[in-house]
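Student: As annotated by TrEMBL, domain 'Aminoacyl-transfer RNA synthetases class-II family profile' applies to 202-525. Summarising the annotation, TrEMBL assigns Mg(2+) 1 binding site to Asp425, Glu432. Per TrEMBL, Mg(2+) 2 binding site is recorded for Glu432.
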Amino acid sequence: MSNEQSATPAIADMSEQMKIRLEKRAKFLETAGEAYPVGLLDAEGKRIEPDHIADIRAQYDPKLESGELTAGDETDHVVHVPGRVVFVRNTGKLCFASLQAGTNGDRIQAMLSLNEVGEQSLADWKSLVDLGDHVYVTGRVVVSRRGELSIMVREWRMAAKSIRPMPVLHKDLNEETRVRRRYLDLMVRPEARDLVKKRALITRTVRRVLEDHGYIELETPVLQLVHGGATARPFRTHLNAFDQPMTMRIATELPLKRAVVGGIERVYEIGRVFRNEGVDSTHSPEFTTLECYEAYADQYVMAERMQEIIVACAQELGVTAIETEDGTIDLGGEWAWLSVYPGLSEAVGVEITPDTPAETLREIAAKHEVEVDPAWDAEKLVIELFGEIVEPTLLNPTFVYNYPPSAQPLARPNRDGSRTIEAWDLIIGGMERGTAFSELIDPVIQRERLTEQSHKAAAGDDEAMELDEDFLRALEHGAPPMGGLGLGVDRLIMLLAGEQDPERPGTVVRQPGIRETILFPLMKPES
């Protein structure tokens, strides 16, 4: 007995519709042949190259300028089309179905008549085929009397019998179902498929821009002995082969910098990182980042790279404006720069400098209802106050720079001696989209910074970096001056890949949340 004909295992959420479909599956296997064939094969078992619905439409559809046919026309052109049945209407001697296939969700009508397919085949279609099934049809290209491009089927076969009913096409799925069962969302909602294609276009564009500047794409380890490159809580695991604790990477920074030390002077990686932190509309425990490093560059060169990447992605998607509740984001022109201490001073009406004591900053936090940890020092308080008070007000692209040193332990001290670091965060729409530094390459100062971080980690700060001796060893061999850039790919997609106003092409009117931009986001288990 084949696997297909074996006893059906128990399904916890079995419905009456599923029972009926399982009965149809069994009957199909008994009387009509394979319900899950290996591919589109002819009678001799040779593969048939399927025809694409989009190509058939482009050549024949009377609704298109390129279409060669008009209502009622018939051809002798025989096509082989696989697709999912998304509509079916069965009558006495003539049945109609809509088949959907391709990433664009292209559809075409299939017509099955008694004269063309025969009595038994038509009876099997009526009794065994359901919405959601995948079928192969072979037939002539025709146009119905109502002007609908169709396939006059002469033969059909099951490609995959669906056991669970597909969602109703014209009825919206709730958000929970859309995210948890993304395959259903993709099946019935064109916008979901469009977002997948836009994401792919954005990542291709990022690669193109960087490679035009001579960057080489690398792949670096996901499992790491020492976590570093960012201040974040890592996921911890255990490598049985070495009986060794490991962490999932929180950033790709340190391995990429090692490559620059070795002489690969322009490197980048687009990859997943993992942070064991909160989950909300803008944060996910696993997400995609771009990091790139360029020898002999600084934070200003990396700002040029960042702007070029984002503008190029917007142009590829045809985005000219992004509407939000707070106003319209304009990506054109010169992007603003805002220094942290003056920017915060203006927002709170009190001059704040690197010498402002922590107690004064706590009073400002209380006045503005910003929650702070009593253990935070002045630098951490400045960072938090700026993030809570100033960042949400920055609608258009703004490079926020001159941060306190503790904000980025891997950034170099400011060349102007201002007790800040050469680092910026890019804020668009009140949200951080990316960051960059003039990288710290002095191994002595870097050791001091990482030692300080390791002391914080030993004291219980699970977001502090650990001391990475191999990274320091690499710097001690001599790292060239370099600039580094990090970009949240998911947040870039949130910014650019939303739905556009059909009456105002190029204007994004709804930005997706991070759970929409990540195809299969992490979700709590169902109860």
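Any Cβ shown, glycine's included, is placed from N, Cα and C.
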Student: Give me the non-local Cβ neighbours of Asp425 (Mg(2+) 1 binding site): same chain, 6+ apart in sequence, Cβ-Cβ under 8 Å, ordered along the sequence.
Tutor: Phe399, Val400, Tyr403, Glu432, Gly434, Thr435
Student: Taking DSSP as the reference, which of helix, strand or coil describes Asp425 (Mg(2+) 1 binding site)?
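Tutor: Where Asp425 (Mg(2+) 1 binding site) sits, the three-state DSSP reduction gives strand.
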Student: For the domain 'Aminoacyl-transfer RNA synthetases class-II family profile' (202-525), what is the mean per-residue pLDDT, to the nearest integer?
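Tutor: Looking only at the domain 'Aminoacyl-transfer RNA synthetases class-II family profile' (202-525), pLDDT averages out to 94.
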